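K.L.:
Here it is: the structure, laid out below.
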Amino acid sequence: MTNIRKTHPLMKIINHSFIDLPAPSNISSWWNFGSLLGICLIIQILTGLFLAMHYTSDTMTAFSSVTHICRDVNYGWLIRYLHANGASMFFICLFLHVGRGLYYGSYLFLETWNIGVLLLFAVMATAFMGYVLPWGQMSFWGATVITNLLSAIPYIGSDLVQWIWGGFSVDKATLTRFFAFHFILPFIVAALAGVHLLFLHETGSNNPSGLSSDADKIPFHPYYTIKDILGVLFLFLILTSLVLFSPDLLGDPDNYTPANPLNTPPHIKPEWYFLFAYAILRSIPNKLGGVLALVMSILVLALIPLLHTSKQRSMMFRPFSQCLFWILVADLITLTWIGGQPVEHPFIIIGQLASILYFLLILVLMPITSVLENNLLKW
């Protein structure tokens, strides 16, 4: 009798995806982040579900319902901080996952990469709406500022903003719909992640060398299941350390003040994982230009496969491209720092230079360097 794992219609799918999947024998720990993102998503959905049982999406009671969760619900503080810091871990894994894709040329799997860009947008939208729900000062003003950006769209801008708000300002209608969308989007993200995996398994995984690994494959289980478990242990170690020792490290103190439309915080800023895009937005004096730059800062990822001019897939054997890649990483860290600073000298000019460098590196310098490396190798 054959194994049920290989014959049962449902088990067969799981078997081909996580057990008997042929995987390259040389993939490094940079390939752990896909599974870590899956774990993060499960943590977020489960903690979010329990939070939703106690949360009320009304402007009068939202803030106090979050306080009630932290004070009165059994382990409510743990669930709330796991959810808040779980989002930070999610984005750390996301950025590392995208960085890995850029470095090793994984973007040449076009369908997988484009679904990934779509996933990034969906997760960012989910996180933004989640930040509004506690209805603190930064929640309210963050929602007001970011949704207001849509008014820069010609002709339909102001109507669109009012339509999203459900009125003439961010109010009860806005909070209710944001809660509804924040609840449904993670399930859409989970479905998209399934499609992401489907497309990945059509081609098989890339590997650090960027060369075909068809001649040297090993089964996913037990080799990479054990390797992934190590990554999961590190994830849990960092997440639990954050939650139990410094749960508010990555949050904003202003969000412990209930939302007040009559009092603007001195410095409105989003969560840390949006700061790089926020810095790019602020570096352009024109409103519409800023919004376009903000969208392009993420959408530029979709153009990367078109800008691949190298005859090698991976950056493993391309030292000049490696230099530019790490300059890009440093530039993104600089942008993240600038996004959290007030709009004054010297931060304005640093932000503008870092924004120009960001687009220059991706759109111009990296493709030119790849051509140069091709010529150096006399190909």
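Start at 1 and count along the chain as shown; that gives each residue its number.
Glycine is no exception: its Cβ is also placed from the backbone N, Cα and C atoms.
A quick note: this is a predicted structure, and the numbers were derived from the prediction, not measured.
Okay, so Swiss-Prot annotates it like this:
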- 33-53: transmembrane segment (TRANSMEM)
- 77-98: transmembrane segment (TRANSMEM)
- His83, His182: heme b b562 binding site (BINDING)
- His97, His196: heme b b566 binding site (BINDING)
- 113-133: transmembrane segment (TRANSMEM)
- 178-198: transmembrane segment (TRANSMEM)
- His201: ubiquinone binding site (BINDING)
- 226-246: transmembrane segment (TRANSMEM)
- 288-308: transmembrane segment (TRANSMEM)
- 320-340: transmembrane segment (TRANSMEM)
- 347-367: transmembrane segment (TRANSMEM)
K.L.:
Quickly jot the same-chain residues contacting the transmembrane segment (113-133) by Cβ under 8 Å, restricted to those at least six beyond its ends, or write none.
P.N.:
55, 57, 62, 66, 87, 90-91, 94, 98, 101, 106-107, 139-140, 142-143, 146, 174-175, 178-179, 181-182, 185-186, 188-189, 192-193, 195-196, 199, 270-271, 273-274, 298-299, 301-302, 304-305
K.L.:
Counting Cβ pairs closer than 8 Å, which of 33-53, 320-340, 347-367 has the most of them with the transmembrane segment (226-246)?
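P.N.:
Maximum Cβ contact count belongs to 33-53.
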K.L.:
Per the definition of 3+ C-beta pairs under 8 A with sequence separation of 6 or more, do the transmembrane segment (77-98) and the transmembrane segment (178-198) touch?
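P.N.:
Result for the transmembrane segment (77-98) with the transmembrane segment (178-198) is no.
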K.L.:
Can you name the residues of this chain that are 6 or more positions from His201 (ubiquinone binding site) yet have a C-beta less than 8 Å from its C-beta?
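P.N.:
The answer is His16, Ser17, Leu21.
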K.L.:
With an 8 Å cut-off on Cβ-Cβ distance and a minimum sequence separation of at least 6, pull the same-chain contacts of His83 (heme b b562 binding site), or say none.
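P.N.:
In sequence order, Gln44, Thr47, Gly48, Leu51 meet the Cβ cut-off.
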K.L.:
Near the transmembrane segment (33-53), which same-chain residues lie under 8 Å Cβ to Cβ, leaving out any that are not at least 6 residues past its ends?
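P.N.:
Sequence-distant neighbours of the transmembrane segment (33-53): 69, 79-80, 82-83, 86-87, 89-90, 93-94, 96-97, 100, 182-183, 186-187, 189-190, 193, 228, 231-232, 235, 239.
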K.L.:
To the nearest whole angstrom, what is the C-alpha distance linking His196 (heme b b566 binding site) and His182 (heme b b562 binding site)?
P.N.:
21
K.L.:
Helix, strand or coil by DSSP: which one applies to His83 (heme b b562 binding site)?
P.N.:
helix
K.L.:
Let's check the environment of His196 (heme b b566 binding site): how many other CB atoms sit within 10 Å of its CB?
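P.N.:
A 10 Å sphere around the Cβ of His196 (heme b b566 binding site) contains 21 other Cβ atoms.
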K.L.:
To the nearest whole angstrom, state the Cα distance for the pair His182 (heme b b562 binding site) and His97 (heme b b566 binding site).
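P.N.:
Computed Cα spacing between His182 (heme b b562 binding site) and His97 (heme b b566 binding site) is 23 Å.
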K.L.:
Using DSSP with the three-state reduction, classify His201 (ubiquinone binding site) as helix, strand or coil.
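P.N.:
His201 (ubiquinone binding site) sits in a helix per DSSP.
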K.L.:
Counting across all protein chains present, how many other Cβ atoms fall within 10 Å of the Cβ of His97 (heme b b566 binding site)?
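P.N.:
There are 21 of them.
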